[in-house]
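Down below is the structure, laid out as structure tokens.
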């Protein structure tokens, strides 16, 4: 698509419906006639005797406006409620307003493959964009199936970006029932280019005879479309729809890029059909195409578009005769190709509302944009806060400016309290794919602050002179602007998620009333169904959150030193980091006194235990109100009907007590991941034994998330929730454990060699299994089976699974 570069600025003065016109602003002067009245004696008496009429008029005029102001103020005080703090933006300069994100940088990223939920989707980084996309259709079981949005149900053999640099080039291959479609995105900037430059899509279709499906391939058709979110009219060129060489397909004009044209170049003879639509909705473009094709089949028994357009069409779809489509990908290309641009308003759940006449269960965040990588184009095509920190471990090494751009967009979503919604469901395209119960975000609940992982790495890069002078300057400017938001974020965690004990924290949001869950989930932790205390309470101490806070405090302290900022009362990040890294404090011995109705019934739980460390297990655990005597049982529900339905419900056969929660798994290894344990401590040896024990965490494919000895190992959490973080292998946690093993293998101490041997074998197992799965299936996976190593969950999942690239390169950073 090319722009003329001659953007015509059309200045229009538009009168708002709320503005009064000039005539209404002119106050009509009241007419006071100096009338005279007559007395009963017949003499004429002036009504305004000895009074200055101009003075009276001035007083009246002034009083009128005072009354008008009071009335308006009274009305506004009733009509305009104060916004809840949860949806009030932090009153700080926006990071994305920094000069480094403007000008050439902003324009260079204007166009991109920013619709990652589609097999191929292009848009600009603006709320009302000109968009483009690819669709194709095939026949299966006698029915037509349209491909557009990435879905598991499409059953593609493989798809993903083989190469992508995040800026101006991407190469993708898709395999669909023997059809191989290769797509390339290219972008350039010339002297005559419009804003953002020119972009092109190259599409190549081949056939894989070994996988050819005669039924599917015989009826395959290819579609390419343009859509203008701003409602601007798209003009179709009807002169020549039989293409060979270079032909103009469509044109239009926009205020951001000026006049533009879409050309099709082909070395083969192509026959095109088209259809134009006028619609304000863009999440259901597939439906418009399917309805048009269905109408044509009924009328003409042919699968082709109608060659007609609605009045003022803002969507144009072109049908190209093609027999094949397909895809292939690699980790870096798929991660970068999964970067998208989103715009909309999050829905924020409220337990109560203020200044609203009617009760509502949610309010809308302010309209905001997000530039973010997505974990999975098919299953999670939107931004997730804790995933993003892991994404940036790879992206900043590829393109530091794209990484800072993404981090800045996330930090600009922070509200006045320092809270960021953990899942970003922005715009109708995202909203249409998420069940209603998961849409509202809760301002009491956090999410692991993994952005500090990437920022810590970047700061280390600065210390090691890994950046150019220009990059160093822009990073410093970014950190200077971001500091107020990072500080607000840290303080939100440090105040709202703190526990009853000094240096303790707990994840909010667990359901303490549920009767359906075996163990109430902690979605805010990111580890979902990983077993915590059986009975949620404010007495909980979550080990992983404590270690995340250490990471955050240490990073904030590093930024302070880098920017030469003075330590302020109540915000001594160095002190907080020192406190949370205190190994003795982490192991501190505690006693529990349990009283029932005023009578002491137990003390010390039979043996001593520590704040998070259990000497018997040699492991670190959560703390809380817990019993192991919990299970799911089938129970007939009383409904008053003849046949009572049966449901799996939670049954606790023992009263819980305050204790350590004895489940060995990823959470147990967080102090190890955070490198809190001294290299000469016997506790380090115990951690290495836990990791390498086949009966606990070790497999030939990576470390399982929960030990086989756990009472929750591979247990369903509800009738409909299979185990998620209760056994399968996750790459983000394995990456962090490998990082710690690599660290201890370099540290002098009695366990250095053992750490190195475990590191070498675990690294080899992870790489071999991920590569084998990719070669067999064409996908990177959300998780991997701990028994056979087979990919499981969402696919393609090139969020944190792409960290395999850093594992191969042995790039682990400092934390």
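Including glycine, each Cβ sits where the backbone N, Cα and C put it.
Quick caveat, the model's predicted, so the values are computed rather than measured.
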* State the residue range annotated as region 'Disordered' by TrEMBL; the candidates are 517-537, 538-558, 559-579. => 517-537
* To do: Quick one: sort out which of 13-33, 34-54, 55-75 is the transmembrane segment according to TrEMBL.
  => 55-75
* **Range annotated as region 'Disordered' in TrEMBL, from 1-37, 112-148** => 1-37
* Structure fact -> Helix, strand and coil residue totals from DSSP for the region 'Disordered' (517-537) stand at 3 helix, 3 strand, 15 coil
* Structure fact -> Here the mean pLDDT of the domain 'Glycosyl hydrolase family 63 C-terminal' (304-810) is 90
